[in-house]
Amino acid sequence: MYGIEYTTILTXLISLIFITYILKSITRTMDFIIYRFLFVIVVLAPFVKTQNYGINLPITGSMDTPYMNSTMSETFLTSTLCLYYPHEAATQIADDKWKDTLSQLFLTKGWSTGSVYFKEYTDIASFSVDPQLYCDYNIVLMKYDGNSQLDMSELADLILNEWLCNPMDITLYYYQQTDEANKWISMGNSCTIKVCPLNTQTLGIGCLTTDPTTFEEVASAEKLVITDVVDGVNHKLDVTTATCTIRNCKKLGPRENVAVIQVGGSNILDITADPTTAPQTERMMRINWKKWWQVFYTIVDYVNQIVQVMSKRSRSLNSAAFYYRI
C-alpha cells in the first residue's frame, strides 16, 4: 500500500517538473519571437513613411464632421482650399478653361495643382439650404445684393461658427432658449416661422396657443432663418414643416477654417454688429466689384494673406450630419 502511495507522489512530482520545463521553454520561445519582431520594427522604422488615416465619424447632431487625414504640417503643400463662387461668375467669364488658368496661378502662390477646388452655387438662398465646407481652408465669395443683406448676414453667421443641433418636435413640446448662444436654425425651400411666448401658466402672451394666426411672425418664406427670442421664456412655435426643418442649436464657437469675402457693396456686412455674435471681422472681408476675372485675380494674389487669419481645422460643415444627435 505504501509503495503505491510513493509511486503516485513520485509520478505527480515528475509531471510537475515536466510541465514547468515545458512552460519555461514556451516562455523562452515567445521572448525570442517578440524581441526579434521588435528588432525588425526598430530597424525598418526610419525607412517607412506612414500616414494616419482617421475614420470618418460624423458627429450626428452637429453640423461638423471630423476629418483627420494628415501627418504633415506644411500649410500649402498638404492642405486643400475650396473656393465657393456664385453661378453668375462662370456665366460672365464664359471660358471653359478658366478653372485651369486659376489653378496654374494658385500654383505660383504655393498651392499645388489639385489642392484647390472650385465649388459653384446658384445663389445665396440656395447655398444656405445645404452648405458643405469640406476643405482644410474654405473661402466663400458672396456678391453683394442690397435685397439679400439679411440672407448674407445669416449665412455668414451660420458658416463662420460651429453649431451643435437637435431636432425639434414643435407639435408636442414648447421650447425656450437658454442663453445667448442658443438659437433656432431653420433651413428649407420656404421657411415661415411664427412664435407665441408663454407665461408661467403656459398661456400665450399676446397670442392664443390654439390659434397660429395670432402668433408673432419672425420670418416669412425664407430659406435660412436663425431665430433669436427672449431667453428663459417658453414658446409655442408654428413652422411650415412641409418645406422647412427647424432645429434647436447651440453656437460652439468660431469655425476658423472659413472666410467670407463680400464682393462689392459700399460697406462690408458687419455681422459683429449683431449682439448675438462675437467679434470676428478678420474672417469677414470685402473686395471691390469690377469683373469676376478681376475678383479671382485678387483672391489669387492675396490668398496666402487670407489664409493667415484662418486656422486649419479637422472639422467640415455638412448639413447632412446636422439633423440628428445621438
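Cβ coordinates are placed from backbone N, Cα and C, and glycine is handled just like the others.
The shown structure was predicted, so the numbers you read here are calculated from the model rather than taken from an experiment.
Of the listed residues CYS82, CYS191, CYS82 is the one Swiss-Prot pairs with CYS135, by disulfide bond. Of the cysteines CYS165, CYS207, only one is given by Swiss-Prot as the disulfide partner of CYS196: CYS207. According to Swiss-Prot, the residue from GLN177, GLN201, GLN262 that belongs to the Ca(2+) 2 site alongside ASP228, VAL229, ASP231, ASP301 is GLN177.
Looking only at the recorded positions CYS196, ASP231, ASP301, the one with its C-alpha closest to ASP95 (Ca(2+) 1 binding site) is ASP301. Under the three-state DSSP scheme, ASP301 (Ca(2+) 2 binding site) falls in the helix class. In this view, ASP95 (Ca(2+) 1 binding site) is surrounded by 11 other Cβ atoms within 10 Å of its Cβ, with every protein chain counted. In terms of Cα distance, the binding-site residues that sit within 10 Å of CYS207 (disulfide bond) are THR214, GLU216, chosen from GLN177, THR214, GLU216. In sequence order, TRP163, LEU164, CYS165, ASN166, ASN182, LYS183, TRP184, ILE185 constitute the residues six or more apart from CYS249 (disulfide bond) in its chain with CB-CB distances below 8 Å.
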